[in-house]
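Sharing the features that TrEMBL gives for it:
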{"type": "BINDING", "residues": "SER48, THR49, ARG50, THR51, ARG99, HIS126, PRO127, CYS128, GLN129, CYS253, LEU254, ARG281", "note": "carbamoyl phosphate binding site"}
{"type": "BINDING", "residues": "ASN157, ASP217, SER221, MET222", "note": "L-ornithine binding site"}
{"type": "DOMAIN", "residues": "3-139", "note": "domain 'Aspartate/ornithine carbamoyltransferase carbamoyl-P binding'"}
{"type": "DOMAIN", "residues": "146-292", "note": "domain 'Aspartate/ornithine carbamoyltransferase Asp/Orn-binding'"}
Amino acid sequence: MPRSLLDIDDLTTDELDTVLSRAADLKAHGDGEPLHNQTLGMVFEKPSTRTRVSFETGMTQLGGHAVFLGPDDIHLGHGEPVKDTARAVARYVDFIMARVFDHADVEELAEYATVPVINGLTDDAHPCQTLADLLTIREQFGGFDDVSVAWVGDGNNVCQSFVIGAAMAGIDLTVATPEGYGIDDDVRERAADLGNEPETTNDPEAAVEDADVIYTDVWVSMGQEDQREQKLADFEGFQVDSALVGDRTVMHCLPAHRGEEITDEVLESDNAIVWDQAENRMHAQNGLLTWLAEQE
Ligand code: CP
Ligand code: NVA
């Protein structure tokens, strides 16, 4: 089976370092057209700004192209099973990137596709975001040693991949979520196996006390719109505002819901490095794509 990236720990710690270094090199120098004439199929069950545009422009920069396969464009979800989509699309393209609801669907894609499958966000994981986040932290702080991050907000997909990625990178991490919104046991165990389990708490102020960076994500994720009222009530007290931030650096995967998980003031402040994160999605993915292309 070809190498895929369904979550960040599909890479070894050394491979993660290689992909990040390659991403930084491509960002600094470009590198001809390493994916000349290669095609990325991009399957989307949910909307996207950054993931779509960064993968599509990234493939162009690398000398290849991308095919957008939105929810109304292909049979997936309307009568063609995942495994049939995987086998057919893989006969045309060199890589598949998929943004779907159920994480089991990217696993099935990877099982049946004969090309690498890249997770572009499931309900459980967002490894491409973590690659970009680690690249951004490394640029800002010159490395990962002595960097302390506090996650404040929902402990779902973006948080979970960041927990694993932080464990791999050796970042000190505290995760503050309301009760009932913490990371899965499986994610905690995988971080522990990597020797770097995050601290967890229900107290945002305590979480940020020793942090250099505060990272947050929306409270109402795509597909959770019917839980909106309940989640807004449950996340009261978890807003990242200027009082919580002080002089800390602020990260957000975007899109941001101003007035909910973060204030406009914080997002627009010099503390926020969210546009570097967004740009680094492309460089990180370029590093990943060129690395995947070289694997057996
Ligand atoms: N952060 C991220 O994945 O953004 P999009 O939903 O716009 O792709
Ligand atoms: N947690 C968010 C992340 C979006 C990139 C969601 O799943 O909608």
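Positions of Cβ are set from backbone N, Cα and C atoms, glycine also.
Give me the structural setting of these features: burial, nearby parts and distances.
Around the Cβ of GLN129 (carbamoyl phosphate binding site), a 10 Å sphere holds 28 further Cβ atoms from the protein chains shown.
Secondary structure from DSSP puts ASP217 (L-ornithine binding site) in coil. Listed in sequence order, the residues of the same chain lying 6 or more apart from ASP217 (L-ornithine binding site) and placing their CB within less than 8 Å of its CB are GLY153, ASP154, ASN156, VAL158, CYS159, HIS252, CYS253, GLU261.
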Return the member of ASN157, SER221, MET222 nearest to PRO127 (carbamoyl phosphate binding site) in space, with distance defined Cα to Cα and candidates limited to these binding-site residues.
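Its closest listed neighbour, by Cα, is ASN157.
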Within the chain of ARG50 (carbamoyl phosphate binding site), which residues six or more apart in sequence place their C-beta under 8 angstroms from its C-beta?
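Long-range Cβ contacts: LEU254, ALA278, ARG281.
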Treating G and I as helix alongside H, and B as strand alongside E, what does DSSP give for the domain 'Aspartate/ornithine carbamoyltransferase carbamoyl-P binding' (3-139) in helix, strand and coil?
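In the domain 'Aspartate/ornithine carbamoyltransferase carbamoyl-P binding' (3-139), the DSSP-based counts are 63 helix, 22 strand, 52 coil.
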For LEU254 (carbamoyl phosphate binding site), just give me the three-state DSSP call.
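Assignment for LEU254 (carbamoyl phosphate binding site) reads coil.
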Let's check the environment of LEU254 (carbamoyl phosphate binding site): how many other CB atoms sit within 10 Å of its CB?
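For LEU254 (carbamoyl phosphate binding site), the 10 Å Cβ neighbour count is 16.
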Restricting to the record's L-ornithine-binding residues (ASN157, ASP217, SER221, MET222), give me the longest CA-CA distance in Å as a whole number.
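Taking every pair of listed residues, the largest Cα separation comes to 12 Å.
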